Amino acid sequence: MQNLILIGPMGSGKTTVGKQLAKRMRMDFVDSDHMIEERCGVSISTIFDIEGEDGFRKRETKMLTELCERNGIVLATGGGAVISEENRILLRKGYVIYLKTSIETQLARTQKNQNRPLLENVDAETKLEELMEERGRLYEQEADLIVMSGDRIVSKVVDEITEALEQL
Ligand SMILES: Nc1ncnc2c1ncn2[C@@H]1O[C@H](COP(=O)(O)OP(=O)(O)O)[C@@H](O)[C@H]1O
Ligand SMILES: O=C(O)C1=C[C@@H](OP(=O)(O)O)[C@@H](O)[C@H](O)C1
Ligand SMILES: [Mg+2]
């Protein structure tokens, strides 16, 4: 069975929606950031502190390579997974779902910025806008399905995804 892969910016709900979607579909749920943390034994923020963003991106590609060899999983990626061509090719093996969200919603949901090093010590709104400028086109381009995930409870987002899957 093809993997279901969630992409989208920080705070779009990839981790949260992914967990519920997996339950609904009776599939295993895997979050690439959590897997990296488990593997390294430290948080994403600590990896950024020690190895910088480059170090994290290398670990992310390695993890995505491993996870995309599996079948029948719901995979929540990190918001930056689409920036690398190598990652994009890997993700295309699955059915890619883009959780589309406004900057306002992203901001509200990431307000604590916990374990989101790219939002630490910067103006979060400006940073989220910059990232969307760079990545928005890639999310759209890579998506097999685009689902609006702002202002809707998680179960409704999951309903829309499962209904779309039934139409395939
Ligand atoms: N549809 C939603 N409605 C309300 N809150 C949400 C929704 N999706 C996610 N959240 C909340 O937003 C925060 C960020 O969600 P998360 O799943 O970690 O996003 P991502 O993995 O895309 O960065 C979490 O606190 C989560 O509970
Ligand atoms: O947008 C990004 O570049 C990142 C998003 C984060 O994941 P979430 O999108 O799940 O917050 C995490 O991978 C890391 O902090 C970098
Ligand atoms: Mg996440």
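Backbone N, Cα and C atoms are what each Cβ position is placed from, and that goes for glycine too.
Just so you know, TrEMBL annotations never went through curation; they're auto-generated.
As written in TrEMBL, here are the features:
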BINDING   Gly11, Ser12, Gly13, Lys14, Thr15, Thr16, Arg116, Arg152  ATP binding site
BINDING   Thr15  Mg(2+) binding site
BINDING   Asp33, Arg57, Gly79, Arg135  substrate binding site
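Known features from TrEMBL, placed on the structure.
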{"residue": "Gly11", "record": "ATP binding site", "DSSP class": "coil"}
{"residue": "Thr16", "record": "ATP binding site", "DSSP class": "helix"}
{"residue": "Asp33", "record": "substrate binding site", "DSSP class": "helix"}
{"residue": "Arg116", "record": "ATP binding site", "DSSP class": "coil"}
{"residue": "Arg135", "record": "substrate binding site", "DSSP class": "helix"}
{"residue": "Arg152", "record": "ATP binding site", "DSSP class": "coil"}
Among Ser12, Thr16, Arg57, Arg135, which binding-site residues lie by ligand 2, judged by Cβ under 6 Å to any atom? none
Could you check which of the binding-site residues Ser12, Lys14, Arg135 have their CB within less than 6 A of ligand 3? Lys14
For Thr15 (ATP binding site) and Arg57 (substrate binding site), determine the Cα separation and express it in whole Å. 18
Find, among the binding-site residues listed as Ser12, Thr16, the one whose Cβ has the highest number of other Cβ atoms within 10 Å in the structure shown. Ser12
Alpha-carbon spacing, Arg135 (substrate binding site) to Ser12 (ATP binding site), which is rounded to whole Å: 13
For ligand 1, which among the binding-site residues Gly13, Thr15, Asp33, Arg116, Arg135 have a CB under 6 Å from it? Gly13, Thr15
Secondary structure of Arg57 (substrate binding site) (DSSP, helix/strand/coil): helix
In whole Å, how far does the CA atom of Gly13 (ATP binding site) lie from that of Asp33 (substrate binding site)? 13
Of Asp33, Arg57, Gly79, the binding-site residues lying within 10 angstroms (C-alpha) of Gly11 (ATP binding site) are Gly79
